[in-house]
């Protein structure tokens, strides 16, 4: 049950002519002092025990409703996310992607990434072969002897090279070099990369659909549980205001430093990279740098305005402690 705000001089609500309640402007006296005065006046009257019991029941109901609402907002979208991904979107996306089109890569960015990984594998393969003491012996011309008298035994040794995708020539000084084995290994790696990036494309599309359904579920819960959310908001605000000024200042500094502090740009970069990788989007450095350069500044402006406009009137001691701590 909801309790209408009291229509007295200490309430922050005023009743309009239409019968609705509107928010009153914050006064000069902090609400913490007004609440303390109200509790003191309540205890003076003879029926104070009844009011205390009633207040306890309302507080208990508020805590239970807030906890229930918070659990709904956390676990229902999470459960929808897991179920829809496992039984709906993952099988459906995999079937459509593998049967209705012939592409392996979702975009050119994934294709370039796969090609770069294949090139690195080829370079590592040739490097491991020629640096292995079991398959490669130091040639005569690479020793510390005078190789001025060194001459190839035949004309074929002069032109004996291995051509790769990197325009690098590897001399086949070891006659035991197995071209077919290397070719087979590279072909197997290519098939593995194609399979991996095909699945990655499917996962990117699946994550997009699943996250959209989760967001829609969360929006639906906010609409359906609107009365409970109001109680939860009131409970959270009351809990924060009941903290000491030092604790509130510490939490304020912690949040602002994490979001808009000196080391926050690196955190925002990692966050954007995670989002782009999750949905298979290309990594545009210009977009990332622009976001990191503008969004934290916007958040910092919002924080400063909130501190100056609201927190300074609600709890001036917290603002003073906050400025003293950051200085």
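Please read every residue number as a count from 1 along the shown chain.
Cβ atoms are placed via backbone N, Cα and C, with glycine included.
Note on TrEMBL: of 63-83, 84-104, 105-125, the range annotated with the feature transmembrane segment is 63-83. TrEMBL tags one of the stretches 188-207, 288-307 as transmembrane segment, and that stretch is 288-307. For the transmembrane segment (63-83), the neighbouring stretch richest in Cβ pairs under 8 Å, chosen from 215-237, 249-268, 288-307, is 215-237.
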